[in-house]
Ligand SMILES: NC(=O)C1=CN([C@@H]2O[C@H](COP(=O)(O)OP(=O)(O)OC[C@H]3O[C@@H](n4cnc5c(N)ncnc54)[C@H](OP(=O)(O)O)[C@@H]3O)[C@@H](O)[C@H]2O)C=CC1
Ligand SMILES: O=C(O)CCC(=O)C(=O)O
Ligand SMILES: [Mg+2]
């Protein structure tokens, strides 16, 4: 039986799945398509990796490893919903929750000493951060807003905060001694192996990463961000924010960049509270309280300190927060600052949200204010400054007229920075770090000092060729100019420009407009066109793929949830991501508080349609094609009828939006004339869903307004979650009839 794998993930999309999956299963069954689920949630991954600590009935297979293998096979047809890329505090919270549910898991060891602890730590570290996406993304990325979605935004524009020419909002980044400026890059001439070593000042070499394979044509980079320069930079920005009387905020990707960015985040916490760390740094460290995990984890861990120290620490934090510039807040009502948790503010979503809100963030007084947005490394920070400058000069964008910016992203085989975690090191002593090939030749070398963050990245040749091909294909298919966002002044990009120039010659580019521009110039160029209603494809590396596919959708559509997000897998399968955003933790809070889920499943609808289409093409299943076509039309009606979830309790939410999609889809299936039997099968369903619309919607709305308990955040009780997410007996009855 043909199958589609639907992933069970975390937070809002996981809750939405409890409502949407029964619809998908019921409809797919009519085409003989089996929908299988695989649990790749944070809790599911923890359980599967620690089977040896658990009872037999608690053990589960490693679904992620299985899907990773599947992604490399031509049969792959995977629908991937967003999942939590856990920061250390989130990982610990998930472990504590599972322990409370009777899973006898080991604690996360902060300072592993014994072999057993080291093994536990290594297993947890593999689960931490962006551990799912790099495994499944065995292809490059094609993200865009379909025309129907763009038209929807034009008809129902989201709110856009006005921009004033005298906004004081700016981006601050380092100008030297960061990852961008210290980058060195080499092209590997033939397959072999390399290793990374640290050479101390006395000449002793220590292996940081033992021999690992490299392929011919691969680009290998090494770079270092210097701690001393970072500290100087941060101190200057804290003073600047205070002088300019703007909020101070920091925007990192501590989840995806799970090794480097928590360290950088820790430097920011230390820079903001210098007194605290000067006086109590040793005691905090001895109690396992690291600035890298954020202020909240220090405040929550005060019990580990002697009483007198505890008081001093609390006083120093209070004084430090009062002394510095006002901090941008994550939740001003609850006093949660930008520095509370490394995973609360994630640059790809946080910067566009700020730009959409007049360049303002929330201050401690609960009021929106201009901000100094600190993005320490200069590789990509300039993109946001260019957008801010453009908004200051020309005002906010107009969703009813602006063009669109699809993205073709280099992503396969853990390309670039997003694959660097196992090659990133916080340096312990003075010396040098070297990348050495099998013959002993030093390919890249940097002098380093304690605290510096050194990292290497790999970008394989095959993904680069595939990326160039995808860019040309997209430019041709949509007759849209394409810009490669590459900076000839940066070592890695200079190597890529050589390759792009060469591989473009393999394609017919006659009549196409293809350019290569620095990220800043590409931003200005693209924005100029965007304001005139013109479209421009951004062809970018992995980090910019991530940033731009939140930036432009959030400005154009109000959310990246409405993106079509396809990963044509290099070995022929298909991975269909649902939207380009994350798992929206705030939506879960709202559901728990008032039983309203504002999660927009449009990304799931779009992904499902292309997944059926892929299945039809790869297996010849004619009914799968009918399901795809009818779902596409149903999604069009869904947008026209504006049945997306409302943000407000008491109005249509995620569950109601699923009902309408099911109704429109059934109507399309009943009306199509390619397959009479299928049309007949859906006639009664369409009729039942149409005739009972009022009852079903009333049943869905009736439950809203009071809190719900799911008996778990990371691993809610499945029966409770299903009951909460499927409160319409009538809808459930109609769907049951379809799969019977
Ligand atoms: N592909 C993946 O697996 C990804 C995973 N992540 C993970 O997601 C988590 C949250 O990340 P965060 O940076 O907060 O980004 P999110 O994209 O999850 O959330 C930011 C905001 O975007 C809006 N939003 C996102 N998706 C939807 C949707 N489907 N419907 C309606 N609104 C939506 C919400 O706005 P509002 O609150 O105004 O409604 C939300 O608060 C993290 O754990 C992160 O690691 C992040 C990106 C991709
Ligand atoms: O994997 C992650 O941590 C985030 C992924 C992401 O933000 C993206 O692909 O847009
Ligand atoms: Mg992203």
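For all residues, glycine too, the Cβ spot is worked out from N, Cα and C.
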Which one, 133, 542, 692, is listed by TrEMBL in the same NADP(+) site as 80, 81, 82, 83, 84, 85, 582, 583, 587, 598, 599, 600, 647?
133
Mg(2+) site partner of 546, 550 (as recorded in TrEMBL), chosen from 331, 333, 344, 348:
348
Using residue 132 (substrate binding site) as the reference point, find which of the recorded positions 80, 253, 545, 550 has the shortest Cα-to-Cα distance to it.
80
Long-range neighbours only, meaning 6 or more apart in sequence with Cβ under 8 Å: which ones does residue 131 (substrate binding site) have?
45, 64, 85, 86
Among all the protein chains here, how many other CB atoms are within 10 A of the CB of residue 600 (NADP(+) binding site)?
25
Check residue 546 (Mg(2+) binding site) against DSSP and tell me helix, strand or coil, would you?
helix
Environment of 348, 546, 550, the listed Mg(2+) site - residues of the same chain whose CB lies within 8 A of the CB centroid:
346, 347, 349, 352, 545, 547, 548, 549, 551, 560, 580
Residue 418 (site 'Critical for catalysis') versus residue 133 (NADP(+) binding site) - Cα distance in angstrom:
10
